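Right, one structure below, let's go through it.
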Amino acid sequence: MVRWFKQGKVIQSNHYTSHHDNHVTISRLTITPSRTLHSRQIVCRAENPLLSQATLEDIYTLEVSYRPNATLTLGWPNTETNLTEGKDLHFQCRVDANPPPYKIQWYKDGSELVGNSSTSGPVPILREYTFSIQHIGRRHAGTYHCVASNVEGDSPSNVIDINVRFAPVCSHSNPMVVAAPIRKPTSIKCQVDANPHDRLSFTWFLSSTNSRHHSKQLRDSQYVRQGRQSTLEYTPRSKEDYGNISCRAHNDVGPQRAPCVYILVSEGPPEPVRPCRVINITSYAAAIECRPGFDGGLPQKFTFEVHQLDNHKLITKKTSSDNSIYLSDLQPFRRYEIKVTSHNARGSSQFRSLKIKTQPKPVIKMRTPAYVHSMVTSPRPPRPTPPRLVTTVAILKTSSSTTVTSAGLESQPKEEFYDEPGHAEIDLREKYTWILGVVLGTITVSVILLCALVITFGRKEARAAAREKALAGFCPCRTGEKEELADGNTAAGTEPRRSSGGNLGWYHHEQRGVQDQSCSWPSRCYRIRNTDRDHLL
């Protein structure tokens, strides 16, 4: 009787089959591999009921390969996902896999994280199964997960959402200039970023021009709160009411470290524009853009004056509310000065100057094909010794006609266009073509001669080998044997030899024996003549 056990527990008989044949029992167990069966022991035990001591068993340990099962948890001492700015954050990626994972990848908001890739702020520390961020900030808030990979596949973990709580900070850069007309209400908006922001409180302060070192808190009735923003309604009554106004917010994390500062000034002329820049420039047009300065508290416009520097002539003058301009109808390769002035209802600012230079007139130059030479009617200049003769054909497109011209020496000056590549050096090209033809011809003749020598040598070697093979079946005459010639005379036999003319010596006209490869010696010996040799070969 055969029974099966798994981890000491009997496996039901419906999972295996047993077959008895001639005192031999064969039992087969069928199981479905799973990650829970990995490293489990299967025992096959054979027992004979008639013999109490006759028991045999075999133990097999299962080795199951399966995809990773990754679980992401917070590492000590983190116990919750709501963290305060400045704390440390630790993750652990627990992986159950066989074989073990060969890589662990970390992701934040769907993007893979790479250790030591941050250029500012805290740097993430990545290890195989852990991920840490020291002194976290608000930019570290988001969703995190890990992905484990082995030969069976990839497996992502659960997602953990990290919420970073931080004190309020200004949403805009400090400080900001606000123009307020005297004895007229002006709205000043203070907006901050904070987490949490549901219970924000704001406080406004004024530092006047006469008492900049002393600030007074403004009344709560002068401002209102709407979400992350507070709006102040302020009316300056005199010059002493102008100065710096600051706004400071507070939430559950703490107060705002650096307040939002606003410089309150009276309405006046606008400031000059910031340095202008050229967006694009060609031979006939240019695009200019200027960054506006402070508008003085009133809507402002911009005036662009374009002067040609050669004769200081005013080319054009345009005024608009746009801080950029597109200039057309310019002349190629000319210098211009652009003066930009901003103005509002209170006056104008000083102008900002920008000097530009247009591109040269475009010139299309082509490589000269052979048939263009027939189009050039002017005679070619003689070849001087110092400068190099270059025949250049260019098609110049103008507004009136299309002209085919031929330039002279390369050393001559060029005017009103760029010296771009594209010249056709006809003489050098013909010279190099002729030299290349001679070289290729020489190489071709050398290859043909070499092939002829190889073929001739091979034929001689083949004929010599054929002669040796043909004479291999003849035996040489022994000394003293006679040859019966056609005229009845006899001659004494000699050792076989080959003369320089290729004549053969004395040979028996009998072939070698097949079995012992020995020569039989008949009573007669014959001379193989040239005619017989040719017939034989």
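Glycine is no exception: its Cβ is also placed from the backbone N, Cα and C atoms.
Those TrEMBL annotations? Automatic predictions, nothing curated.
Feature list (source: TrEMBL):
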type     : residues : note
DOMAIN   : 1-57     : domain 'Ig-like'
DOMAIN   : 68-163   : domain 'Ig-like'
DOMAIN   : 175-251  : domain 'Ig-like'
DOMAIN   : 269-362  : domain 'Fibronectin type-III'
TRANSMEM : 434-457  : transmembrane segment
REGION   : 485-507  : region 'Disordered'
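Across the domain 'Ig-like' (175-251), the model assigns an average pLDDT of 89. If you count C-beta pairs under 8 angstroms between the domain 'Ig-like' (175-251) and each of 1-57, 68-163, 269-362, the highest count goes to 269-362. Helix, strand and coil counts under DSSP for the domain 'Ig-like' (68-163) come to 3 helix, 51 strand, 42 coil. Each residue of the domain 'Ig-like' (1-57) gets a DSSP state, and the totals for helix, strand and coil are 6 helix, 34 strand, 17 coil. For the domain 'Ig-like' (175-251), DSSP puts the residue distribution at 6 helix, 42 strand, 29 coil.
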